[in-house]
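What TrEMBL records for this protein:
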type	residues	note
ACT_SITE	Asp426	active site
BINDING	Gln237, Lys253, Glu274, Ala357, Ala358, Phe359, Leu360, Glu431, Asp446	ATP binding site
BINDING	Glu274, Asp446	Mn(2+) binding site
DOMAIN	321-537	domain 'FAM20 C-terminal'
TRANSMEM	12-31	transmembrane segment
Amino acid sequence: MKMILLRKFRVLILMVFLIACSMHIMIDLLPKLERHSNSGCSCSHTPSEEPQSWGKQGWPNKHTLRILQDFSNEPSSNVSSHSLERIPATGDKTQALRRLEHLGQRGDRKRQFIQDATVTKNMPVKGSRLSALYDHPLYKRSLPPLTDEDTLFNVNTDIRFDPKATEDQAWNTDGTMDEFSPMGELTADSYPNWLRFHIGINRHELYSRHNPVIEALLKDLVIQKITSVAMKSGGTQLKLIMTFQNYGQALFKPMKQTREQETPPDFFYFSDFERHNAEIAAFHLDRILDFRRVPPVAGRLVNMTKEIRDVTRDKKLWRTFFISPANNVCFYGECSYYCSTEHALCGKPDQIEGSLAAFLPDLALAKRKTWRNPWRRSYHKRKKAEWEVDPDYCEEVKQTPPYDSGTRLLDVMDMTIFDFLMGNMDRHHYETFEKFGNETFIIHLDNGRGFGKHSHDETSILVPLSQCCRVRKSTHLRLQLLAKEEYKLSTLMAESLVRDRLSPILIQPHLEAMDRRLRQVLNVLTECIEKEGYSYVVEDDLQGDQGSDHPHNGPGRR
């Protein structure tokens with residue numbers, strides 16, 4: 001009798017195990033089985049309906065995943081998602097370049113960049129204040145001649161494309177041989193816009209003034225077909241990495257606040273929302289200030305069903321989609337803050353606004369160094385940072401490399417002014433391109449926490465400027481120019497932002513706040529000049545070559 005019961009128990013255990021295995025298999029196969037269901041916009045879904053399939057392309061392979069770009073402020077964050085491939089080792093530049101050859105050459109060779117009608121339409125019209133600003137002598141200063149050491153990539157050695165190397169023969173036959181150089185290689189003008197943007201990066205700027213490639217790239221960010229979406233690892237709030245049909249990539253920050261909403265007064269700066277319109281406005285402000293240190297950003301209205309849910313291979317992202325009681329498509333993803341059902345991002349019914357920021361070159365091809373901002377905040381509810389309690393803190397910074405010589409301290413002052421005009425308190429680190437050493441600009445990444453309060457000016461952001469009393473002459477003159485009525489900053493920003501697809505980007509109070517803050521910056525500099533003298537405060541960078549350095553005649557001379 002005992003043997004019979006024991007056998008029955010074993011059979012029961014085996015059946016339970018088989019049933020469990022079958023359920024797991026069915027769950028994994030469910031997305032594939034759903035491919036046969038209706039595709040397209042699910043605007044009329046009922047709450048009981050399930051999300052659609054993973055997409056028609058299946059899981060990614062190594063040839064469809066680009067390792068060319070990164071948009072992080074952390075050296076180790078090249079892995080954009082758990083569902084994406086890891087990049088090769090940092091030193092394995094050869095393997096990265098091979099992928100660059102395969103993917104970069106598959107861009108849209110037919111696009112005529114300068115003659116594009118839409119780009120021409122988006123250029124400032126003759127007689128506009130913006131075009132008058134860019135015609136001003138301060139905005140026409142040329143760079144010194146660039147050597148191989150001054151450019152991020154050498155097109156002839158680092159990046160060479162051979163159309164015969166691609167495995168996609170269908171792409172090979174698209175176009176005519178007239179588009180190739182006599183040696184059978186693609187010319188630089190035939191590269192996709194994201195790659196032309198990368199090639200144009202040099203020691204002094206991310207992109208040159210009046211570069212038609214930037215306008216074409218902004219257009220690509222808006223109209224290029226999205227082929228893949230994944231969550232970006234790291235960070236406090238949800239961000240998505242979007243890959244386009246031309247193998248470009250961009251960082252997508254979805255809309256979390258309306259234009260009229262301000263940051264609640266009880267919010268700490270480190271728990272504030274990241275605003276998509278702040279990223280867009282920061283790019284335009286950076287360009288008007290003539291810094292050109294923010295990667296191109298454009299606004300886009302995204303179909304959450306067709307352009308996110310149906311093309312993502314990220315299971316963790318896909319499983320967070322649901323239909324709200326109002327019959328809208330929603331999702332929340334995974335992140336440290338605001339990634340829950342209560343903070344879900346919902347479309348109307350499945351359309352959502354967002355900013356798309358073009359990726360910088362991948363760290364495997366162009367290493368970047370991350371620096372701790374000397375005026376980093378404490379990111380604590382009660383503690384204060386050293387610079388907040390020590391009025392002579394800048395004297396210590398001036399004696400510390402790389403701020404004791406060169407132009408780095410002046411770059412931090414530029415960044416301080418940039419952040420104050422936006423009201424951005426969240427600047428804990430910054431990055432530079434490693435190839436250029438310490439003699440290069442600071443990249444102005446991650447500006448989503450700007451433009452949160454138009455009714456409040458956070459003067460603590462200006463502490464680096466008031467403590468150090470240092471500024472470039474070119475920056476000082478441009479600020480004075482933008483304070484004049486004919487070149488009024490708010491008017492120029494409004495004219496520049498109106499060209500974005502999601503216009504209006506900023507409401508009028510935010511534009512007026514920039515004029516008010518600009519006057520405060522100039523007042524601080526005036527007080528510094530009265531106290532220290534003009535020759536000490538204002539570093540003359542308009543004489544001789546821009547790249548020339550006068551050791552200890554600048555930041556660290558006191």
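Note: Cβ is positioned from N, Cα and C throughout, glycine not excepted.
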Counting only other Cβ atoms and using a 10 Å cut-off, which of the recorded positions Glu274, Asp426, Asp446 scores lowest?
Asp426
Find the average pLDDT over the domain 'FAM20 C-terminal' (321-537) in the predicted model and report it.
95
For the C-alpha pair, I'd like the distance in angstrom between Ala358 (ATP binding site) and Asp426 (active site), rounded off.
21
Let's check the environment of Ala358 (ATP binding site): how many other CB atoms sit within 10 Å of its CB?
25
Which residues of the same chain, at least 6 positions away in sequence, have a Cβ lying under 8 Å from the Cβ of Gln237 (ATP binding site)?
Lys256, Phe273, Glu274, Cys335, Ser336, Tyr337, Tyr338, Cys339, Gly448
How far is it from Asp426 (active site) to Leu360 (ATP binding site), counting Cα to Cα, in Å?
21
Measuring Cα to Cα across Gln237, Lys253, Glu274, Ala357, Ala358, Phe359, Leu360, Glu431, Asp446, which the record gives as the ATP binders, how far apart are the two most distant ones in Å?
20
